[in-house]
Each structure stands twice: as C-alpha cells, then as structure tokens.
Amino acid sequence: MNQQIVTNSSDPGDEPPLITDGRRGPPDRREVSARWLAGTFLTGITASLLIGVALFAALDGRQQLATPPELVTKEEMPAKSDAQDSTKGNRVIATVTKQKSRDRRRMEVSTMQKVGEREVIRTKPFEYVRMALAADHPASRQYPAFDAMAVFSDGAKQQVQAASTGQIYGAKVESEISLRTIDFPVNAGNYDSASDLTSDEVEKVVRSTGQLLTDGDVQIASLHYVDPLRFGNSGDSPYTLTQPLGVRITQENVSVSNRLLDGETNTGFSEDIIPFRSDSKIIDALNKSGYEGEDADNIAEALSKLMNSPRLKAGSVLRVGVTSSEEEDHIVRVTLYNGTTHIVTVALDDQNQYVPSDEPEMTPLLQTAFDDNAPPPTIRGELPSVYDAVYKAALAYGMTNDMARQLIKMLANDVDLQSKITRSDAIEAFFSLPEDSESANEESQLLYVSANMGGTTKKFYRYQSPEGSVEFYDENGRSAQQFLIRKPVPNGVFGSPFGGRRHPILGYVRMHTGVDWRAPRGSPILAAGNGVVEKAGWANGYGNQTIIRHGNGYQTSYNHQNAIASGITPGARVRQGQLIGYVGSTGLSTGPHLHYEVIVNGAKVDPMRIRMPQSQSLGGKQLEVFTRERNRIDQLLDGKGDAPAKVANTSQAKS
C-alpha cells in the first residue's frame with residue numbers, strides 16, 4: 001500500500017514568536033520594568049521602618065545595645081515578706097550627718113580676781129573652740145592683708161586691761177564670794193591645857209578598850225549554799241558542778257560587710273548626735289539642741305516609758321534622725337546609746353506612732369560624728385595661706401581681730417605665714433566671753449592655744465606676771481617668743497647657704513660666713529631679737545651694715561642694705577621684729593639681697609643650723625603659779641573641772 005505523506009508548508013519553528021503587546025521584535029535584556037522596581041523599593045522602605053520601630057522599642061531609649069552587668073549584694077536581693085512579722089528595718093537611701101556646731105563648747109568657770117585687799121570669786125562664761133583651718137569658713141568680717149611689718153612689730157608684752165579675766169579658781173563656785181586673807185592670830189588665843197591626859201590616864205584607857213580588839217577576824221558567808229551533786233548523783237558524772245564541761249565553743253568564720261549604697265545622697269534625711277555631759281531630762285536636751293514641738297514631746301514620752309525615767313545619765317548619747325522639707329523638720333527616729341552601746345531605738349510607723357525598732361547601722365561618717373569629731377566641709381580647690389586661714393577661722397568662731405592677731409604672732413616664729421596650709425591643720429583656743437553675748441569683745445582674753453601645723457603640735461598658756469604684763473608660754477614655762485629670728489626678711493627667698501663657695505665677683509673660693517635672703521630692693525629688714533645697736537654705717541664690702549648685740553654673747557649682722565632705718569644708731573635699743581633697714585645691693589653684691597650673719601662669742605656660725613638658746617623662761621615662784629594655772633586649764637578642757645563647790649549665799653567671807 002502506498003502511503004502518501006502530506007507535508008505542511010508552514011513550520012512553526014521558523015515563525016516569529018507571538019507577541020501580545022504589539023511588539024514587533026524580541027525584548028531587550030537591558031529593559032527595566034518600572035512597576036517591578038517601584039514595588040521592590042516600597043517593600044524595602046516598609047521593612048526598614050518596621051525593623052527600626054522594633055529596635056527602638058526594644059532599646060527603650062538607651063544608646064547601648066546591652067546593659068552593663070552590675071553586682072548584686074545579698075542585702076539588695078528581694079526577700080520573702082511576711083505581713084504578720086514585718087518590722088522596721090534600715091533605710092533604703094544612705095543617711096548623712098546633720099551639720100551642727102560640735103566644735104565649740106561654752107562653759108561657766110569660776111575665776112578669782114584681786115579687788116583691793118580682797119579676792120573676789122565669781123562665775124564667768126568661757127568658750128573652747130576647735131577650728132579646722134581647711135574648713136570653708138564664711139568671710140564674716142574684714143581683716144587686714146598680710147603685712148610683715150605689722151605681724152612682727154609691737155613685740156613688747158601687752159599690758160593687762162582694767163577688766164582682767166583673773167585666774168581660774170580650782171573648784172566651781174555657784175555664787176559670788178569675797179575672801180580676805182589675814183594672818184592667823186596664834187598668840188591671841190587662850191587655850192585650855194587642862195584637857196591633856198597624863199601617861200597613867202592614857203594607859204588606863206588603852207587597857208579598858210584593848211580587850212575589844214582581840215576577838216579575831218569575823219567571816220560572814222554572803223552566798224547561798226549550792227549542793228555540788230544537785231545536777232548529778234554520781235561523782236564520776238561529767239555534768240557535775242565540780243568538773244568543767246567538755247565543750248569548746250569555736251567562733252565561726254563569719255564576715256560581715258556593710259550594705260553597698262549608691263552614689264545618690266538623700267538630702268531629705270539627716271542625723272544628729274546629742275551627747276549628755278551631765279544628768280538631764282530628755283526633753284531639755286532635745287530643746288537645747290533645737291528640737292521643739294510635738295515631735296520632741298512624743299519622743300521624750302516614748303523614751304521615758306521605755307527607760308522608766310524622764311532623765312538620762314551622763315555619758316548617754318541620742319542619735320536623732322530628721323526628715324527635712326520646705327515647711328518644717330520632723331523627727332522620724334531616735335536611738336539611745338550608753339557610750340557606744342546600743343540601748344533602744346524608737347521610730348515613727350505608718351500610724352505616726354513612735355514604736356520600738358531595730359538599731360540602725362553605723363556608717364563611717366556617722367561614726368566620726370558619734371566620736372564628736374565630725375569633719376567640717378573642706379575648701380574645694382587650692383588651699384589658702386596660713387595667714388588667711390587663721391584669720392578666717394578665728395573670725396568665723398566669734399573671736400575679735402586682736403585675738404586673731406595674737407594667734408598670728410604666736411605662729412609667726414615657727415610657721416611661714418605665706419605658705420599653704422594642709423588639710424589636717426587645726427587650732428584650739430580657750431577664751432573668755434562677755435556675760436550677755438555669744439561672741440568675744442574687746443575685753444575678752446585668750447587663755448590657751450594649741451596649734452597643730454604640719455603634724456607638729458604646740459601649746460601656749462597665758463600667764464600674767466607680778467609686774468602686770470601678759471605673755472604666752474609653752475607647757476614647760478618657756479616663752480613663746482624666740483630668742484632670735486632665723487629669717488629677718490619676711491618676704492625673702494633663701495639664696496646662698498653658709499659655707500665655702502666661689503665668690504661671684506672675686507672669682508675664687510672663699511668662706512661664706514652667713515646666709516643670703518633675696519628680696520626686691522627696698523624690702524623691710526627686721527631685728528632678729530631684742531638688743532642694742534653696736535654699729536650702723538658703711539663697712540667696705542658689706543656696704544651698709546648694722547650689727548646688733550643680744551644677750552648671752554650673741555650678735556647679728558645685716559649687710560648690703562639699701563638704707564638704714566631712721567633711729568637705728570649705735571647705742572639705740574631695738575626689739576624683736578622692729579624695722580632696722582631695707583634690702584639693697586651696696587658693697588660687693590651682684591643683686592638686691594640681705595647677707596645675714598650670726599656671731600656667737602666672736603665666731604660666725606650658720607644661722608639656719610645653730611640651736612638658738614631658749615628665750616625667757618619662768619622659774620621659782622612664778623613657775624609654780626604658772627603650773628597651777630596650766631593644770632586648771634587642762635582639767636577644764638578635759639571635762640574634769642566641773643565639780644561644783646556650794647558655798648553660803650553671803651557676799652563676804654573672812655578667813
């Protein structure tokens with residue numbers, strides 16, 4: 001069978017593709033779809049916004065992706081609370097010490113004054129202050145700027161004013177008395193000699209009473225008898241009273257650490273320390289410390305009920321916690337200590353009732369305030385000079401300008417007044433006060449000064465000589481005024497030392513027999529000590545020279561002066577700190593300076609290394625009177641001189 005194959009003349013493989021959008025050629029590979037591109041772009045923007053919002057919500061406004069790790073102490077971990085056993089505990093926020101004046105103490109002291117032929121004993125107010133020089137004292141009054149001439153001048157002893165403080169009496173007298181001392185009339189008395197016993201009468205009395213003294217010792221048992229077998233029938237039992245128990249108590253190795261408090265301080269809560277120096281009522285102590293009103297009454301009532309007495313003994317301490325607001329302060333907690341031992345604590349609960357509470361923790365700052373040594377706020381930045389710090393502290397504590405000037409003069413011989421203080425420098429002072437004022441006046445007088453400067457403590461006591469002059473002495477009766485000043489130029493800078501050196505003008509090595517103090521031309525030169533001018537004039541290479549003869553074979557020489565002060569002539573008497581000349585560069589000198597020499601028995605010595613002799617010292621009867629006065633002041637400041645001596649209310653008493 002023949003098959004006929006029919007072929008289609010149209011081959012689909014050779015035909016062009018079917019294009020529905022009316023194109024005539026194939027699509028271009030570089031062609032971009034605008035619709036597809038717009039959809040992709042919108043999708044990316046939407047996804048970015050969603051992711052950004054999610055991240056912002058997760059970070060909660062912080063700039064860090066991860067929170068830094070923090071240590072958590074055991075005390076900060078939340079504990080299980082039981083509403084039935086809940087008690088008041090420690091405060092969440094750290095407490096601060098209430099800044100009050102604990103560095104000044106006013107006391108009533110009995111003094112004895114000589115009025116005519118009588119000695120009048122009366123009570124006068126005194127104040128004892130402890131001044132930290134590095135504290136930020138407010139500038140309450142103006143004081144003179146530093147002037148070396150004013151500091152070292154007027155070296156003579158000050159005379160006693162008409163209204164003298166007098167001497168401190170040994171005992172505290174509660175009334176004013178007047179004493180007149182007369183010789184005891186030994187020969188005026190008519191004594192009865194018939195009452196004397198003869199030897200036979202004395203022997204008879206001894207024989208009649210001697211038998212009462214031969215009964216021997218009498219011993220009385222004051223303890224109840226305890227059967228040693230009461231807690232054990234057998235003598236071999238290990239639980240008898242006669243044998244110790246075989247038990248040993250070993251303390252566990254326990255470490256206690258204080259709570260870690262954050263750096264934020266609570267300005268609304270503070271604490272105050274009220275010490276009891278004598279037996280007194282609780283309400284009186286609170287009122288004297290400035291706590292009055294309903295809170296003080298409720299606290300006093302609560303403590304009185306717990307202590308079964310409205311009074312507290314000397315040595316007790318109240319630790320008062322106060323919350324401060326813009327309207328008023330409120331007492332929220334009070335803790336009673338006996339010394340440093342906790343007795344009881346009462347705190348304000350939610351019902352505004354004072355109830356017993358646990359003892360609050362003792363932070364280091366409160367412990368310092370508890371010891372009555374709360375550190376005052378210190379100066380920030382650069383510390384002031386000794387001169388400025390002493391003046392500011394003295395005026396801030398109610399002292400007069402004259403008393404501050406006395407403090408400066410006491411320190412001038414041992415301390416550079418222009419140098420910076422250290423944060424541990426402090427001054428203690430004891431001075432009299434007027435009857436009706438809290439601050440000193442012109443009649444107030446310093447009795448005691450203790451200066452701790454640079455780790456060295458010096459004490460000075462006031463003493464009135466029989467001639468009527470007043471001067472300060474150390475605890476051994478030596479005058480506070482030095483025999484010679486080592487630096488006669490107050491604003492001078494140390495230059496060349498004592499010893500061999502190459503002369504700057506002559507050019508060869510020769511002995512330098514003194515020390516050089518460089519200072520601007522015209523700077524004042526002060527006398528190193530009291531003495532008589534031996535020479536004042538030109539001396540070749542020394543230029544203008546002044547030589548002063550002092551006691552005990554000492555001489556001082558001042559050379560290269562620009563000019564000699566008026567009145568400084570041979571034979572003139574000068575006192576320590578008096579102006580004698582001005583710094584210059586006369587003679588063999590390369591610049592303005594003072595060449596200062598000290599001569600002992602004709603030999604020139606090193607002024608900076610020589611051991612100066614002691615200035616005026618008390619001795620004999622004066623030293624005994626000074627020692628008694630010093631001991632009375634020390635006992636007062638130590639709190640041992642407050643025992644009152646009650647006397648009759650009479651205006652005069654004869655003895």
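Yeah, the Cβs are placed from backbone N, Cα and C, and that goes for glycine too.
No curator has checked TrEMBL annotations; they are predicted automatically.
Within the listed segments 436-455, 476-495, 496-515, 636-655, TrEMBL records region 'Disordered' for the stretch 636-655. Sorting the domain 'M23ase beta-sheet core' (510-607) by DSSP state (H, G, I as helix; E, B as strand; all else coil) yields 3 helix, 54 strand, 41 coil.
Taken as a whole, the domain 'M23ase beta-sheet core' (510-607) shows an average pLDDT of 89 in this prediction.
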